[in-house]
Amino acid sequence: MEKQFQDGNNYPLFMDNNDSLGHFRQRFYLKKDSIYMCGNSLGLATKDAEESILNVVDKWKEEAIKIWNVEENKYHLYSIHLAKLMAELVGVDDDEVAVTACTTVNIHQAVSTFYKPTKDKYKILVDDINFPTDRYAIESQVRLKGYEIKDAVKIVKCKGKFIDEDDVIEAMTPDVALVLLPTVYYRSAQILNMTKISEAAKKRNIIIGWDLSHAIGAVDVNLKSLDIDFAVWCTYKYLNGGPGSTASLYINRKHFDQIPGLAGWHGNKADTQFKLLQEFEHRRDATGWQIGTPHLFSMAGLEGSLKLFKEAGLKNIRKKSLHITAYLMFLVDTKLSGYGFTIGNPRDDEKRGGHVCLEHDEGYRISLALKARGVVPDYRDPNVIRLTPAALYTTYEEVYRMVEILLDIVRSESYKEISDARNMVV
Ligand SMILES: *Cc1c(COP(=O)(O)O)cnc(C)c1O
């Protein structure tokens, strides 16, 4: 869709005044004189999340061991409680989602459940630009089954900036048993066509799982209609669950009878769990794939933060996200041309996630110069400044101001005075 934007500083103010999601900003902890553009990496704290975390701290203080029993075992069953808020975001049944572990562990869990290699069908298909933890997990799963990585991990190569869906489908040869791909690429913001790829996998009897980490909370997906096998996602990026907040695992209900690859006592049937029997009997829903005791403090932030998503509606969030990121690209095109910047993400709405990738040969030093001027971007090698105007808390005025700062940095070449020594977390 062609969007009409206007130059000048009245337009962003007009947009902010007419932003139906604008009031959510007050519920976030924003720093004065700082423009936060890093919500795709770690979402900001909300008052709602703070309140729900403090509530769990209070429960611990007041109730001690009884914390597991109060409010009809709410905290013992906290994953189920949170799944009610989470499932809506991906369009599945509540009992198909477990809020548990971290994304990498959930990949291990799903792959160890669904990867049942045979002599003729034993390969796992991945690509070479996904966030690497997914690949590390896949490689160790393949090794655990006694295969050589170079034989059993099949890699779709990225030929330019983006992965071509047809290359993925072409690689789905009869020896492929499972595919794991990201919905949105962390570096380029490319969205893969989940429908096309999922259908192709199903047609070939290949187990298909998606990693929604860079999509969840920014892009609306409907896993039910895709009828895929599993999905995983983290909750500290767009969902604002807090640093290291508990991740999520979706298991298609048609698989509820499958035995979890990594069993643990919190996956045992609720009615016999505390009988502590020596025989494991897994719950016939996604919580059957839980392993140990729920991490209450890492989950509690979600109870607050997910409320905002319910109130705002993901469709509205996606709509603003597409518009405000398009505005950012418009400003880059009109104000920063001639200064060596390239937009590294796809331009099509259907093909891009919630962040904008600004590429520049001096990207690293420019990102440091932005930080020195109060903008918080993040940077990914070799040359990408990732900028995320988050729908729930970023204003158009901030986007405008940030581009003015960028323009000043490149015009004055002030970044050249900055050392490019690296920090451990970039
Ligand atoms: C952020 C992200 C993860 C995070 O994994 P954790 O185990 O939760 O730290 C995994 N995969 C992708 C694609 C991501 O973007």
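Keep in mind that glycine also has a Cβ here, set from the backbone N, Cα and C atoms.
Any TrEMBL annotation is an automated prediction that lacks curation.
Pyridoxal 5'-phosphate binding, as stated in TrEMBL, involves Thr104, Asp211, His214, Tyr236, Trp265; the candidate among Thr46, Thr173, Thr287, Thr293 given for that site is Thr293. When every Cα pair among Thr104, Asp211, His214, Tyr236, Trp265, Thr293 is compared, the largest distance found for this pyridoxal 5'-phosphate site is 30 Å.
On the backbone, the CA of Lys237 (N6-(pyridoxal phosphate)lysine) and the CA of His214 (pyridoxal 5'-phosphate binding site) stand 7 Å apart. Using a 10 Å Cβ-Cβ cutoff, Lys237 (N6-(pyridoxal phosphate)lysine) registers 26 neighbours.
The number of other CB atoms found within 10 A of the CB of His214 (pyridoxal 5'-phosphate binding site), across every protein chain shown, is 28. Counted over every protein chain shown, other Cβ atoms within 10 Å are most numerous around Thr104 among the binding-site residues Thr104, Thr293.
Secondary structure at Tyr236 (pyridoxal 5'-phosphate binding site), as computed by DSSP, is coil. Under 6 Å, Cβ to nearest atom of ligand 1: this is the test, and of the binding-site residues Thr104, Asp211, His214, Trp265 it is passed by Thr104, Asp211, His214.
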